[in-house]
Amino acid sequence: MGKERKKASVSLSPQTVFAVKTCVYLALACFSGLSLWSFQHNQPYTQNWIGLLGWSLSSFLLYNFGVAAFLIPLNFGWLSFLNMKRTPAPLAFRKAAAFGAIPVCCAVLLSMISPAQNLPQFLATRVPMVVMDLQPPKAYLGGIPFYLLYDGNSFSLKLLIGAVGTGLIFLAILLCAIFYLIPKSFVLKKKALLDDLLKFLKNKFYACWNACKKLLKNLVNNKSYVPKPSLRVPSSPSVAKKEMLKLPTPVISLPLENKDLHDDSSVNRTIFLTPPHPTKRTLSPQKRTDLPNLLPKDSALAPAQTSYKPLPTPSPFVLAGDAPDLPQYHLLSKRNVHRPESLLEELKKKAAILQQTLASFGIEAAIGNICSGPTLAAFEVLPNTGVKVQKIKALENDIALNLQASSIRIIAPIPGKAAVGIEIPNPDPQPVNFRDLLEDYQKGTQRLQVPLLLGKKANGDNFWTDLATMPHLIIAGTTGSGKSVCINTIVMSLIMTSPPTDIKLVIVDPKKVELTGYSQLPHMLTPVITESKEAHSALIWLVREMELRYEILRFLGLRNIQSFNSRTRNVDIEASYDKEISEKMPFIVGIIDELSDLLLSSSHDIETPIVRLAQMARAVGIHLILATQRPSRDVITGLIKANFPSRIAFKVANKVNSQIIIDEPGAENLMGNGDMLVVSPGSFAPVRVQGAYICDDDINKVIKDLCSRFPCKYVIPSFNTYDDPGSMDPEDLDPLFNQAKTLVLQTGNASTTFLQRKLKIGYARAASIIDQLEEARIVGPSEGAKPRQILVQLSNQDD
């Protein structure tokens, strides 16, 4: 045949090449190590474990390198280890060169020692014994060539730079080679430990110095040094001694005979005390109330019956998390989480692949800390000097391909660290149980005013935040991303950490099935709202409650709800106010699910009070949580977005939605099932959190337990007739009201001068009719020079 057959080219895969190199280097390490260990001058080559070849190799290495020859097998072993980690060839060559410089430097430094005699048996039978200058045979620890290099007759380092210079130069080269081989992550860990130790010693030194200085000052002034009593009583004498060294300056000095000071539970929970009245006054269960009566008695918004009476002295302000009547975490079901032992080894393999991938693209970097969370694993990449961070960011898809990950997230750089964070899905994901978060919170010492126990971060740490500092929150995510579970977690966080006297809830659920089970909670101001008309009435009520609270704060000269709840009550001043002032203002949290459905039905009615509450309600303890599965620009408008700095993004459909909710892409790559990005005020980057999960059975058990502990008393039983135009008294309406309403709806013009001209009435009467139309929610509020907005259509109104 005229055609020649082409020879099939055989190409080896990179894995095979690395495996072959590893075996070769490991064999050389064993070969040289065994031959050196079994070598002796006075024995025949047959006694060497490697035979004649091993005896000859050992004789050559020991003659030229001396004792430093034993480092050569370690060099081959290090090369085998680098190939096992799949270190790229250029980086492996540089590390091997650094390791090869170590025996050379050691040989020169050993040659600086005078030729030794009377060596141990192990060295005497292995290092070269040479007769020089008709002297008795001596052992040269660094080998003959390096000794001649250091102290030869014609040319020597000792003659050129001296013994001190030679030692400094080769010692510096040796240290540089060692430091180059030490991993950067190991150095950073030791540096962090050293910094913490120095900081601890510094604080202790200054504490002792200040104590001694104050003691010496009192001794010089001939005064006995007696520390002032503190508000907190130590639990043991050893703790008392430590507290005396800290020299606290108490704000309030209490008599030592006060029996309340010996009650640890009351001391730990009390953060406000009144010196003239050390005893504590509490309300009986029959007098327990759900919401302070901040409204006038004749108002339609006030509850029918109230049991609040002004007290001569305020009760101590008890933190919400320590209330003894709240259900504990034991009520929830416990789930055992098992982590396989092979997880750490698998993550180390992923880290090696990550380092190899970066090196293949010319990025020299080390792998720092490896954190394993419930569903995510995070790697800290420590790039070398000169590496652009954006270059790592551009390799997101390539890194995901090599790590075989469904999606990854790159944080470039990590705020506050000289590192780049790479988050990948955990090979063994585990759900986050809400019971674990609640248990850690109830057992811990940190207490928040409006706690939200959301989940765990990528490194496994608990993540909870205070809604009082956020102060409003938007939650967005597609169906099945975990948005509804997050809302249930938020509600459970509030009701299991705060009594009904501290936090009240207003919940809007247009779906009518997700949150209606919370209607019987004692924390509820009103049953769960399911109609958009009732939602608007509830928002209007919250606006008026906000205005009333601001009036009370202005009258008392206070700035916020915290100062109101911790004030010292003056009965005479509060009695002069025209409305009854309660002892305490509870926080009010409004939760609105499916905001997009409400905005579709009545956009202006819903958006206007939401924006006003978001702008002003923080100081008086009213906070909003909005949730939507469609984070588009017509739902999360510019006004809403500007007044809601805190946002939670679950998995969204595309990059545009992620840009709307958290101002940057990334939410479209989340894994779903509770995987979220949390943006807080003042944060440099979104925090990735795995949301906690709580089952329906646990929710029902908690609701049943709370209903048995606290009575359910609604402040407003229903918003069906609240602020409803149809419920207005016809006698209060102007006789021309219906005619003016029809005229406004037909023409679309709602101005006082227009009605004055068309109806031929005076200005005062026309202005009164406009006010009645606004109260009936037919026209919007005045917007200055702009015309009033028409809120309803003519077909929707009945004559």
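A Cβ is built for glycine as well, from the same backbone N, Cα and C atoms used for every other residue.
Annotated features, as they stand in Swiss-Prot:
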- Gly480, Ser481, Gly482, Lys483, Ser484, Val485: ATP binding site (BINDING)
- 460-659: domain 'FtsK' (DOMAIN)
- 274-294: region 'Disordered' (REGION)
- 180-799: topological domain 'Cytoplasmic' (TOPO_DOM)
- 17-37: transmembrane segment (TRANSMEM)
- 52-72: transmembrane segment (TRANSMEM)
- 96-116: transmembrane segment (TRANSMEM)
- 129-149: transmembrane segment (TRANSMEM)
- 159-179: transmembrane segment (TRANSMEM)
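Residue density at Ser481 (ATP binding site): 24 other Cβ atoms are found within 10 A of its Cβ, drawing on all protein chains shown.
Summary of the ATP site environment: with the site residues Gly480, Ser481, Gly482, Lys483, Ser484, Val485 set aside, the chain residues having Cβ atoms within 8 Å of the Cβ mean position are Gly477, Thr479, Cys486, Phe650, Gly672, Asn673, Gly674. Secondary structure at Gly482 (ATP binding site), as computed by DSSP, is coil. Within the same chain, residues at least 6 positions away in sequence whose Cβ sits under 8 Å from that of Gly480 (ATP binding site) are Gly672, Asn673. Each of the binding-site residues Lys483, Ser484 was scored by how many other Cβ atoms lie within 10 Å of its Cβ, and the smallest score goes to Ser484. Other Cβ atoms within 10 Å of the Cβ of Val485 (ATP binding site) number 18 in total over all chains. For the domain 'FtsK' (460-659), the model's pLDDT averages out at 90.
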